[in-house]
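Report on the structure given below.
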Amino acid sequence: MSVILVFLLVIAGFAGWWLSHQRLTNKPWLEQGLAGDLVGLDRSALPTAKIGLGVFLTVVGCLFSLFTSAYFMRMGLSDWRPLPLPRLLWLNTGVLVLSSIALQCAVVAARNGQIDMVRLGLATAGLTALAFLIGQLMAWRQMTEDGYLLSSNPANSFFYLITGMHGLHILGGLVGLGRTTVGAWNGARPERLRLGVELCAMYWHFLLFVWLAIFALLAGWAATFIDICRQLLT
Amino acid sequence: MVDITPADGIPPAEVAEVELYHPHSWWTKYVFSQDAKVIAIQYSATATGIGLVALVLSWLMRLQLGFPGTFDFITPEAYYQFITMHGMIMVIYLLTALFLGGFGNYLIPLMVGARDMVFPYVNMLSYWIYLLAVLVLVSSFFAPGGPTGAGWTLYPPQAIMSGTPGGQDWGIILMLSSLILFIIGFTMGGLNYVVTVLQGRTRGMTMMRLPLTVWGIFTATVMALLAFPALFVACVMMLLDRALGTSFFMPAISEMGEQLQHNGGSPILFQHLFWFFGHPEVYIVALPAFGIVSDLISTHARKNIFGYRMMVWAIVGIGALSFVVWAHHMYVSGMDPYFGFFFATTTLIIAVPTAIKVYNWVLTLWRGDIHLTIPMLFALAFIVTFVNGGLTGLFLGNVVVDVPLSDTMFVVAHFHMVMGVAPILVVFGAIYHWYPKVTGRMLNETLGRFHFWVTFLGAYLIFFPMHYLGLMGVPRRYAELTDMTIMTESAHHLNSFISIMAFIVGFAQMVFLFNLIWSIRHGREAGGNPWRATTLEWQTPQTPPAHGNFGKDLPIVYRWAYDYSVPGAKEDFIPQNMPGSFGPSREQA
Amino acid sequence: MAVALVLVLVVVGSVLFHLLSPWWWTPIASNWSYIDNTIIITFWITGVVFAAVVLFMAYCVFRFRHREGNRAAYEPENKRLESWLTIVTAVGVTALLVPGLFVWSRFVNVPSDATDVEVVGQQWQWSFRLPGKDGKLGTSDTRDVTADNPLGVIASDPNGQDDVVVEAADLHLPVGKPVKMLLRSIDVLHDFYVPEFRAKMDMIPGSVTYFWFTPTKTGTFQVLCAELCGQGHPLMHGVVMVDTQQDYLAWLGQQQTFAQLSAPQQTGSADQAPGNTAASGLKIAAKLETVGSR
């Protein structure tokens with residue numbers, strides 16, 4: 001359970017930082033009226049939707065940390081046989097990186113008001129993300145053809161489970177991206193479009209990060225890395 | 001998306017960032033409504049409905065325990081289905097949904113001075129997914145093989161094996177699916193509760209001016225958002241074990257002389273995941289109750305809550321600590337016994353902030369002006385039962401004392417007292433307190449007092465003696481208490497007594513339901529602020545609050561939520577939105 | 001008035017119930033009176049806190065109940081009082097925790113002279129295995145469980161050949177000798193629980209858990225399963241007989257070893273073995289069938 005505890009520690013750090021700006025040690029009964037120094041404590045200047053997405057991504061991060069924790073705990077048992085990852089995953093990773101870059105371009109374009117570039121970026125991001133999903137499915141097929149079936153070993157089970165869960169999140173993201181894209185073509189208000197594109201980009205970058213983390217996990221590098229850290233500590 | 005039209009009388013500047021939704025027809029006003037107040041009532045009604053099912057299930061199992069062998073239709077199979085569904089419904093589908101979905105939706109926007117939740121559409125989806133989860137759960141009663149009988153903890157391997165009702169039928173699959181849906185739905189709602197507190201607060205409403213109700217619900221929601229994923233992970237993995245033959249949790253098993261094809265999995269892994277969710281879940285139910293009861297006591301004792309800052313710190317501290325105590329549910333699970341030292345210590349540390357909260361509640365009563373209204377009575381009863389249940393928690397948290405007591409009726413008595421009876425008493429108190437705001441009418445006083453006395457004393461008489469059965473060694477989850485050397489004749493009589501009390505207390509709830517429905521039409525007119533309370537929900541221009549909550553202008557907050565009996569003020573309460581300085585703080589302000 | 005009175009009655013009633021009611025723990029038959037003592041300490045501390053809080057509350061309700069013209073005092077907080085209460089609570093909690101952890105460290109550290117006894121749970125019966133003359137238990141694997149080898153002892157392990165196998169029958173233990181119970185399950189979670197011994201631990205398929213105790217009284221004790229294990233759970237009883245050394249050896253002499261049981265000429269099932277007072281799992285399964293078909 002150490003992975004999830006480390007994750008929660010990070011969250012607790014953020015929460016602590018935020019709480020420390022809420023003047024928790026002041027005596028509220030002495031502060032009557034609308035004193036000027038209370039301004040700034042009311043709410044964050046960030047758009048509410050971004051904060052909402054941030055909270056949601058925390059939950060998603062929590063979910064994948066828990067899968068990772070379960071992975072490490074199950075890995076320690078005797079019947080674990082690591083599996084060779086298909087080469088295709090490297091290509092998929094590249095495609096997902098492209099997708100994120102395309103969205104980042106769309107964000108820049110949206111800030112500069114270049115609607116054509118926004119449309120181009122959104123379309124590229126959507127298509128590359130779809131390509132990633134198709135690539136993942138092909139990787140699954142390749143694995144089953146090579147005899148690495150879902151239930152034959154826990155390492156296989158975790159591979160299908162975690163990549164599947166990540167794929168579902170990409171799929172959900174595509175719904176949001178689709179809506180933003182439709183808005184970009186149907187003339188949504190510029191500030192609304194910009195917010196939409198920024199939200200998509202935030203989600204995409206996060207899922208790219210999650211993918212890199214689980215790729216490292218499934219390939220066994222994460223375990224090696226932890227082993228090295230442990231050796232350095234002892 | 002919903003189409004947006006500017007609301008009458010609500011200035012556009014205020015609704016710019018999050019557009020306020022406006023219903024256009026009967027359907028969007030009362031059924032597919034995005035108004036948090038309507039969603040709150042939908043959540044509460046659904047939770048109450050499914051809670052009644054759980055109440056009837058508890059009667060059925062008390063029939064079996066109190067009068068063994070008398071009721072043939074309660075087979076061991078049926079008994080385990082009853083306890084499982086009773087536990088799961090009460091903990092998740094009733095208490096969690098009611099406190100966060102019901103009270104959270106109704107009170108957060110009103111108390112922080114917002115027009116609505118920040119993402120009303122997502123909020124509406126949250127309810128409908130919750131309803132779907134409930135329907136899936138209910139459908140398992142009609143599925144072949146019936147609902148699962150694995151106990152609410154759903155421990156593998158037995159949860160998905162044929163020796164357990166529903167294990168190789170539809171029961172467990174529907175249960176896990178329902179939980180997964182619930183978690184998805186809850187996450188949608190939870191995002192709203194958290195972000196509304198962060199971003200929806202009106203001018204002047206700093207975090208330290210929030211009523212403790214909001215603090216409790218806010219912290220509980222944050223915890224729930226972080227804890228429910230653990231249950232989600234456990235459910236998904238178990239579903240794969242059951243449906244596709246993976247071995248996440250399933251070791252090699254020889255079942256009734258037959259080798260199953262699973263191999264190498266770890267049942268303990270499931271327990272870690274389950275309790276990583278399960279322990280915070282206790283506080284997800286308790287923290288809103290802590291918050292609400294603080295407000296009830298303060299309002300009805302006409303005194304500010306004693307030590308507000310300590311109360312806030314304690315809520316946050318308990319919330320954080322509750323993530324590092326989960327394995328105290330697993331002292332005798334066979335995990336590495338050396339973990340016991342760590343988890344016993346963290347568990348007993350959590351007793352300190354909890355005790356501080358109790359002290360501050362009773363110190364609020366000290367030199368107060370105590371109005372013994374029905375909400376106050378329930379708050380007092382909460383303190384009694386919570387202190388009782390919390391103290392027996394010190395038995396079970398202290399690792400070596402847990403060894404003889406774990407998995408006995410002592411545990412059953414403990415958690416019913418602390419997270420069954422105590423929070424439910426707060427729910428009742430809160431309903432008597434806020435019903436006038438929701439409907440504009442008071443609940444009937446006579447019926448209310450009857451309901452209170454029967455519920456409080458009856459529930460205490462059910463669960464207090466039950467501890468002693470556990471001390472004798474009577475195990476929990478026994479469909480039959482026959483052929484046991486430790487069960488004396490008098491212990492059987494005690495069981496019969498407990499069962500009779502359970503029926504009486506259950507009956508009192510029917511009186512309460514009648515009161516709820518009857519008073520909508522026939523209750524005394526309440527007026528806008530019958531309890532003379534300070535918080536914003538009592539200062540709305542209309543009662544019940546209209547769409548948009550606060551009329552043309554959002555309230556501006558000038559003070560904290562607890563200005564009761566301030567020296568120098570004319571009335572014994574000063575609403576949060578009243579400008580001006582009063583009392584000993586005048587010089588500093 | 002009435003409310004304050006009822007609160008006082010709740011305290012008085014609870015204390016009287018605690019002192020006078022006939023429901024109390026079973027007489028202890030093991031060395032774990034430490035645990036009982038820890039429970040007693042916990043009862044005292046928590047009892048005092050419960051009475052103090054509720055009586056204080058009753059006093060407040062009586063003394064500060066609303067009367068015409070009353071007004072509450074204004075007191076947002078009291079640092080000193082709160083600090084003192086925190087310190088007192090922390091001391092109380094420490095007084096509970098320290099003896100608890102002390103006893104726990106005894107509980108988890110098995111004395112070196114404890115003899116191994118293996119308990120194997122399955123739906124819904126108990127079996128046992130004792131090391132033979134070599135003092136060692138042979139290794140086992142759930143995969144090796146068959147009708148002839150109900151405990152899954154690995155036949156190729158020489159240590160296992162002389163192990164005494166007690167299938168679905170009573171366990172006997174010599175009084176006054178520490179035993180380390182090695183707990184194993186071949187299907188679902190079970191929990192070996194004898195109320196008189198106070199100790200218990202879950203049994204997990206796929207791993208071996210343990211606890212230890214020293215029986216201090218001769219007699220017959222009922223084994224209960226304390227972890228939900230399916231619909232036969234409440235009927236999963238067993239029997240432990242604590243004997244004098246002499247009786248124990250006499251019983252041990254009648255038992256059969258793994259080698260004898262797996263020899264081909266061996267017939268005769270455990271149900272016919274002498275000294276079997278516990279219902280076997282198959283009987284329970286049959287009983288459940290009839291109950292279920294009603």
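Cβ from N, Cα, C; glycine included.
Because the structure is a prediction, the values reported are computed rather than measured.
The domain 'Cytochrome oxidase subunit I profile' annotation in TrEMBL covers B:21-558.
The transmembrane segment annotation in TrEMBL covers B:38-60 (among others). Long-range contacts of the transmembrane segment (B:38-60) within the same chain, counting only residues at least 6 positions beyond its ends with a Cβ under 8 Å from a Cβ of the stretch, are 29-30, 74, 78, 82-83, 85-86, 89-90, 93-94, 97-98, 101-106, 123-124, 126-127, 130-131, 134, 137-138, 438, 502-503, 506, 509, 513.
With a cut-off of 8 Å between Cβ atoms, the residues of this chain six or more beyond the transmembrane segment (B:80-108) that come close are 36-37, 39-41, 43-44, 46-48, 50-51, 53-54, 57-58, 60-61, 74, 114, 117, 123, 126-127, 130, 133-134, 137, 140-141, 146-152, 154, 164-166, 171, 175, 179, 182, 186, 189-190, 192-193, 196-197, 200, 213-214, 217-218, 220-221, 224, 281, 284-285, 288-289, 292, 419-420, 423-424, 427, 430, 434, 438, 477, 479, 537. What TrEMBL records for B:80-108 (among others) is transmembrane segment.
Per TrEMBL, the feature transmembrane segment maps to B:128-150 (among others).
What TrEMBL records for B:170-191 (among others) is transmembrane segment.
Taken from TrEMBL, the feature transmembrane segment applies to B:212-240 (among others).
Positions annotated as transmembrane segment by TrEMBL: B:282-298 (among others). Beyond the transmembrane segment (B:282-298), the same-chain residues lying 6 or more positions past its ends with a Cβ under 8 Å from any Cβ of the stretch are 91, 95-96, 99-100, 103-104, 211-217, 219-221, 223-224, 227, 304-305, 311, 315, 318-319, 322, 357, 360-361, 364-365, 375-376, 378-379, 382-383, 415, 418-419, 422-423, 426-427, 429-430, 433, 535, 561-562, 564.
Note on the transmembrane segment (B:310-332): residues 208, 212, 215-216, 219-220, 222-223, 226-227, 268, 271-272, 275-276, 278-280, 282-283, 287, 290-291, 294, 339-340, 343-344, 346-347, 349-350, 353-354, 356-357, 360, 396-397, 399, 402-403, 406-407 of its chain, located 6 or more positions outside it, place their CB under 8 angstroms from a CB of the stretch. The transmembrane segment feature in TrEMBL is assigned to B:310-332 (among others).
Taken from TrEMBL, the feature transmembrane segment covers B:338-362 (among others).
As annotated by TrEMBL, transmembrane segment applies to B:374-397 (among others).
Summarising the annotation, TrEMBL assigns transmembrane segment to B:409-432 (among others). With a cut-off of 8 Å between Cβ atoms, the residues of this chain six or more beyond the transmembrane segment (B:409-432) that come close are 90-91, 95, 98-99, 103, 282, 285-286, 288-289, 292-293, 296, 373-379, 381-382, 385-386, 388-390, 392-393, 395-396, 443, 448, 451-452, 455-456, 459-460, 462-464, 466-467, 469-471, 474-476, 512, 516.
Using a Cβ-Cβ cut-off under 8 Å and counting only residues 6 or more beyond its ends in the same chain, the transmembrane segment (B:452-474) has close neighbours at 374, 377-378, 381, 384-385, 388, 392, 404-405, 408-414, 416-417, 420-421, 425, 428, 481, 484, 486-488, 491, 494-495, 497-498, 501-502, 504-505, 507-509, 511-512. Here TrEMBL flags B:452-474 (among others) as transmembrane segment.
Annotation source TrEMBL lists transmembrane segment at B:494-518 (among others).
Ranking B:212-240, B:338-362, B:374-397, B:494-518 by CB pairs under 8 A with the transmembrane segment (B:170-191) puts B:212-240 at the top.
Within its own chain, the transmembrane segment (B:212-240) is flanked in space by residues 96, 99-100, 103-104, 107-108, 111-112, 154, 156, 159-160, 172-173, 176-177, 179-180, 183, 186-187, 190-191, 193-194, 197, 246, 248-249, 270, 273-274, 276-278, 280-281, 283-292, 294-295, 305, 308, 311-312, 315-316, 319, 322-323, 561, which lie at least six positions past its ends and keep a Cβ under 8 Å from the stretch.
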